[in-house]
Amino acid sequence: MESLALLPTLSLSTTTTTSKATAFLRSSTTSLHHRRPHLSLSLSSTPKPTLTFSSHSHSLSSKPLLALKPLNATASSSSSPATTSPPPTKSGAKLIPLILSVSVGLLLRFAVPKPAELTPQAWQLLAIFLSTVAGLVLSPLPVGAWAFLGVTASVVTKTLPFPTAFCAFTNEVIWLIVISFFFARGFVKTGLGDRIATYFVKWLGKSTLGLSYGLTISEALVAPAMPSTTARAGGIFLPIIKSLSISSGSLPGGESRKKLGTYLIMTQFQSAGNSSALFLTAAAQNLLCLKLAEELGVKIASPWVFWLKAASLPAFVALLLTPLILYKLYPPELKDTPEAPALAAEKLKNMGPVTKNEWVMVGTMLLAVSLWVFGEKIGVSSVVAAMLGLSVLLLLGVLDWNDCLNEKSAWDTLAWFAVLVGMASQLTNLGIVSWMSGCVARSLKTMNLSWPAAFGILQAAYFFVHYLFASQTGHVGALYSAFLAMNIASGVPGVLAALALAYNTNLFGALTHYSSGQAAVYYGAGYVDLPDVFKMGFIMAVINATIWTVVGGVWWKILGIY
């Protein structure tokens, strides 16, 4: 699961009034070593509240902080309120989720008769895998820790030998995902992503709808070179949205949030899935989907180009319609933002010319994307292209090794992705996946369903079961192979089934406030209510499914995918 906290902080202090322009110009920073301004709401002896910004160092791993001072506090006060120690953090596994997760595997292993078609080793591995998946849903421990327990159980019980259990740690796709996190960190550290988004605010920001389109388009442009939706949300777009909202008097937590902030947050949140679905390298789970599909015999030549070609039309239509649909269903109170372009222009002026590191970042990403597109023809794989790009960033000082070491989400992803991919691969090798898909396919055939009907049922089931998951990549590792095998066994063309499941993996990231890393970032901003997240998440899921089914279905037929 991606995780990245980059939320501006709120504090109560005594200060002077700040102009709207200053609020926007100084609100968003993208360098790990630059200083991020933080909103401070001051209540002095006068009845008028004032907005100020104070600078504090920030990093990609920083956490939101709420600092409260007494209303009668003064800047020169010599006394400070008594500090209280934070309550001790509970360590270890959560007992009830632990018992439930382990029970799932034990019940299957010892209470359910083993089918004659399967070996004892296969049945035991399935039990361990189901306990691992149950733990992903119930979270008795962090994902990486629980996955490590799962692979340990497979080795201790002699279900898998050590080399087999850890074979996926050399998987090229997993290392491509890890390096992608480092690219995302480079975008944030150099400030390039922030600069691109601010240009679109300048060009399209005269109205609230135009502002939303500017942010949506800019995310689609940076997505292929910044393959972490959470990093894009927390490192670039949330700070910009918050600063624009605050400068327009739209503050989180109160009624004023509906002026601008709620609409911009909801639109960016719902659009992010389509941006991630547009490019193969726009999200980590996309690469994992194609790797798992390959293990089931579904191989796509020139995957980067083919993925973009297949996704282009439905994704473009969805990206164009999402801001407009939400403008009608979830309208902002403030329709015009005439000062936004001027504020963006002033911010760009204060940012200065494009820095050397930003140019290096641009050149490196152009090199990487070019190799992702044409690399197969010259014998350069995707992971080698990414390794070359990272090497350039390290050699030229855009990133240093500490940046890589501090990217905890990358190393966490390496650990638990490899475990899930390894288990899923062995389930396929031991015949579990083919046995399960065969059972489902026979059930569907007894209903006399054509393959398009079976395709629709399986895609809908795969999509809405995500209400049980708090991670897109966890969902893929747990269920993608099984659902793809069911589709193929039901007569669905393999490439169509593989791509549709992969695109759905991006689209269900906006179902709930816990369905993805970016969901937690946007919901945590305080601009949208929880019932609205669930309501609009379901409505937009139905709308996106309609767009991708109708537009995508026609487009894929033209391309000859089925």
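Along the chain as shown, the residues are counted starting at 1.
In case you wondered, yes, glycine gets a Cβ from its N, Cα and C as well.
Within the chain carrying the transmembrane segment (95-112), a Cβ under 8 angstroms from the stretch's Cβ atoms is held by residues 123-124, 126-128, 130-131, 134-135, 138-141, 146, all 6 or more beyond its ends. According to TrEMBL, the transmembrane segment annotation covers 95-112 (among others).
The transmembrane segment annotation in TrEMBL covers 124-148 (among others).
Cβ atoms under 8 Å from those of the transmembrane segment (160-184) belong to residues 125, 151, 154, 225-228, 231-232, 235, 281, 284, 287-288, 290-291, 365, 368, 381-383, 386-387, 389-390, 393, 399, 403-404, 407, 409-411, 413-414, 417-419, 421-422, 425-426 of the same chain, restricted to positions at least 6 beyond its ends. Summarising the annotation, TrEMBL assigns transmembrane segment to 160-184 (among others).
Summarising the annotation, TrEMBL assigns transmembrane segment to 304-327 (among others). Within its own chain, the transmembrane segment (304-327) has Cβ neighbours under 8 Å at 208-209, 212-213, 216-217, 220, 263, 266-267, 270-271, 274-275, 277-281, 286, 290, 372-373, 382, 499, 503, 536, 540, 543-544, 547-548, 551-552, 555-556, 559, 561, counting only residues six or more beyond its boundaries.
Here the transmembrane segment (357-374) has long-range neighbours at 183, 186-187, 189-192, 195, 224-225, 280-281, 302, 304-305, 380, 382, 384-386, 388-389, 392-393, 396-398, meaning same-chain residues at least 6 beyond its ends whose C-beta is under 8 angstroms from one of its own. The transmembrane segment feature in TrEMBL is assigned to 357-374 (among others).
Sequence annotations record features per position, and here TrEMBL assigns transmembrane segment to 380-401 (among others).
The transmembrane segment feature in TrEMBL is assigned to 413-437 (among others).
The transmembrane segment annotation in TrEMBL covers 449-470 (among others). Taking Cβ pairs closer than 8 Å, the transmembrane segment (449-470) reaches residues 1, 136-137, 139, 441, 478-479, 483, 486-487, 490-492, 496-497, 500-501, 504, 507-508, 511-512, 514-515, 541, 545, 549 in its own chain, all 6 or more past its ends.
Among the features that TrEMBL reports, transmembrane segment is placed at 482-503 (among others). Outside the transmembrane segment (482-503), and at least 6 residues removed from its termini, the chain residues within Cβ reach (under 8 Å) are 277, 285-286, 289-290, 292-293, 296-298, 300, 307, 310-311, 314, 433-434, 436-438, 440-441, 444-445, 449-451, 454-455, 458-459, 461-462, 548, 552, 556, 561-562.
Annotation comment: TrEMBL describes 536-556 (among others) as transmembrane segment.
Taking every listed stretch (124-148, 380-401, 536-556) in turn, the largest tally of C-beta pairs under 8 A with the transmembrane segment (413-437) is reached by 124-148.
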